[in-house]
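Colleague: Let me begin by handing over the structure; questions about it come next.
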Amino acid sequence: MAILSALATEVLIPVAGVIGIAFAVVQWVLVSRVKLSPAAAAAGGSKNDYGDYLIEEEEGLNDHNVVVKCAEIQNAISEGATSFLFTEYQYVGIFMSIFAVVIFLFLGSVEGFSTKSQPCTYSVGKYCKPALFTALFSTASFLLGAITSLVSGFLGMKIATYANARTTLEARKGVGKAFITAFRSGAVMGFLLASSGLVVLYITINVFKLYYGDDWEGLFESITGYGLGGSSMALFGRVGGGIYTKAADVGADLVGKVERNIPEDDPRNPAVIADNVGDNVGDIAGMGSDLFGSYAESSCAALVVASISSFGINHDFTGMCYPLLVSSVGIIVCLITTLFATDFFEIKAVKEIEPALKKQLIISTALMTVGIAIISWLALPAKFTIFNFGTQKEVSNWGLFFCVAIGLWAGLIIGFVTEYYTSNAYSPVQDVADSCRTGAATNVIFGLALGYKSVIIPIFAIAVSIYVSFSIAAMYGIAVAALGMLSTIATGLAIDAYGPISDNAGGIAEMAGMSHRIRERTDALDAAGNTTAAIGKGFAIGSAALVSLALFGAFVSRAGVKVVDVLSPKVFIGLIVGAMLPYWFSAMTMKSVGSAALKMVEEVRRQFNTIPGLMEGTGKPDYATCVKISTDASIKEMIPPGALVMLTPLIVGTFFGVETLSGVLAGALVSGVQIAISASNTGGAWDNAKKYIEAGASEHARTLGPKGSDCHKAAVIGDTIKRRRSIHSIDPWAS
């Protein structure tokens, strides 16, 4: 028996979730102390450090005017992002409703919509709840997961647009103040998402338990809909937001930087507001939903496998809730880790930003290892059995600890490899920047080579995680390894959201006409943010690979497939078709970005050519038209890729059988992970190579610049290719 009682488990999980939500609220209150109205700022006096020091910092600029401009720009970005998400969610809501009906019909028809109790699959001699009600509860949990994902993305976007201008204003006091504001804002999103996801899943289990009672097999099978709903909404959020932001970014950069030779985020550029809106709807709302989907699926996969093991057979509530207890400990660990960035240490120079973010990963991983050891000792029996393809495999509590820990440390390795290949502090990105001497073609070649090379170590890390965790605890080991990689999701999301917030802060500084020194600080924050964004994608991709394999194992077990024989024609055909699907998906999204970017470029050129005084700064650009182009393109183009991902398993399984579907799922998983890692890291490297040249912080970088030089223009072109390529850094096959 476990040391931790069922009652203690029932208290610990929701309390950890509530603590996480309370901590998020405290961080939001601290960020809100930075005022965005001139009257409030002036009234703050010494409290906000306004006065002679700021006037000197701003080199004579009127402080009130700067605050007013920042507030106006922030409002425009917030309104654009909110409007887009509301429009997107209306369309996605319709699709989700239709898909919910499809799920109900498919699951309910398994036993002919029977309302009679059925013999349990894994508990011989026992009867489980009717298939019709399992279909009904699965559909309800699917919708609940979709709604939770939607709310998570929306709240993340609102927090980011609330904090961007405040980060800009804090940059006048120093890079440390701006860093804390941006990071605290990211922490609000991270803790809200992790905590709300945990609490909602826990409440759902307890509510469903009122009906299912001792039928834990049916209970946790119906819970799987929660993960599917979260990942389905994430798919549309990432695709729609990705098309939006990439189209705006390409249009803004190609015409503004390359053709007109004006700075990034120059207010004269008609696409600048759409570009900043895109950072929030794509990299904040989309990534938030994406990581939530992986988190929900890893939890659900672990619960399903455990429900047909000794935990489920013996109705061991504490042991069953082990995945949720790991997440609960993760929230507490991430809370302590966040204090190291915001309270225990202070950033005083630009060079300290990236090390501070790296320390967040190291500290959270080290503390979480200890936390996992404690909760494994308290919550698990010394020995228990795990379902392993028709047999029960005996596992120890320390064995399961190693499964979670190896996933956790594999995530750290992926994070550091990602940082090495995407940070301009290291030679790979500097080599990409140096390749710009001979034009955009060599920049593209070096960038692609970097992305392909960056796949090697993460794949080995994932492979070792799979081998060790499967050897110890079969598919349950892989599921908890994925959960281990996502156990510090609050910290991961904080450093991920920090990037777009800093990017927006730099754009607002440029549009508000703030001094060059302020822009240098926001650029330094943004450069570190590009790396952290790539690290966040690395975590999402690595965990998606493990989750996909765990779900694949659960599928073949539930479908009664003992062996997936690659020599079988049906399976092999499925493999090659499945391996093709991520390329098809990528082609659809990249073409959508290209079409939208073409319209954006034409519109920006039109405005520069037809609006009198626009280049001189006396004319006013039409921001709204550019926002509409990105919105219309993303809404129109996100449905086909989403339908491809969600309908393929249903169609293949219905018309070609379980064997072929097994091959399709396996092929898509293997192919999708490679594409995702290489595309993500190539994009991050191109972006930071451009920023390396623009910053001119080293002697080597100064030989490549300045802004507007041929070398810089080649780097900008590489960065715009990134905008098309990096959209398929999403791993769409986690479901």
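Even glycines carry a Cβ here, placed using N, Cα and C.
Below, the features straight out of TrEMBL:
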TRANSMEM  12-31  transmembrane segment
TRANSMEM  91-110  transmembrane segment
TRANSMEM  130-157  transmembrane segment
TRANSMEM  178-205  transmembrane segment
TRANSMEM  322-341  transmembrane segment
TRANSMEM  361-379  transmembrane segment
TRANSMEM  399-422  transmembrane segment
TRANSMEM  443-468  transmembrane segment
TRANSMEM  474-495  transmembrane segment
TRANSMEM  539-559  transmembrane segment
TRANSMEM  571-590  transmembrane segment
Colleague: Quick test of the contact rule: Cβ under 8 Å, at least six residues beyond the ends. What residues does that give for the transmembrane segment (474-495)?
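Modeller: Residues packing against the transmembrane segment (474-495) from afar: 20, 156, 183, 186-187, 189-191, 193-195, 287-288, 291, 294-295, 298-299, 301-302, 305-306, 309, 322-323, 326-327, 329-331, 333-335, 337-338, 357, 360-361, 364-365, 368, 372, 386-389, 393, 395, 399-400, 403-408, 410-411, 465-466, 468, 532, 535-536, 539, 542-543, 546-547, 549-550, 553-554, 557.
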Colleague: For the transmembrane segment (361-379), I need the partner stretch with the highest count of C-beta pairs below 8 angstroms, choosing only from 12-31, 399-422, 443-468, 571-590.
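Modeller: Of the candidates 12-31, 399-422, 443-468, 571-590, 399-422 scores highest.
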Colleague: For the transmembrane segment (443-468), find every same-chain residue at least 6 residues outside the stretch whose CB is under 8 Å from a CB in it, and list them.
Modeller: 402-403, 406-407, 410, 413-414, 417-418, 421, 428-429, 431-432, 435-436, 477-478, 481, 485, 538, 541-542, 545-546, 549, 673-674, 677-683, 685-686, 689, 714-715, 717-718, 721-722
Colleague: Let me spell it out: take the transmembrane segment (539-559), skip the flanking residues so only those 6+ beyond its ends count, and list any with a Cβ under 8 Å from a Cβ in it.
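Modeller: Same-chain contacts beyond the flanks: 121, 221, 224, 287, 290-291, 294-295, 297-298, 301-302, 304-305, 387, 389-390, 407, 410-411, 414-415, 458, 461-462, 465-466, 474-475, 478-479, 481-482, 485-486, 492, 658, 662, 665-666, 669, 673, 676-677, 680, 729, 731, 733-735.
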Colleague: Using a Cβ-Cβ cut-off of under 8 Å, list the residues of the same chain that are 6+ residues beyond the ends of the transmembrane segment (12-31) and lie near it.
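Modeller: Those are 4, 159, 162-163, 166, 181, 184-185, 187-192, 194-196, 198-199, 202-203, 321, 324-325, 327-329, 331-332, 334-335, 338, 342, 490, in sequence order.
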Colleague: Give the nonlocal contacts of the transmembrane segment (130-157) in its own chain as ranges (CB under 8 Å, at least six residues past its ends).
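Modeller: Those are 81-82, 85, 89, 92, 96, 99-101, 103-104, 106-108, 110-111, 113-118, 189, 192-193, 196-197, 200, 204, 208, 211, 218, 221-234, 237, 280-281, 284-286, 288-289, 292-293, 296, 493, 497, in sequence order.
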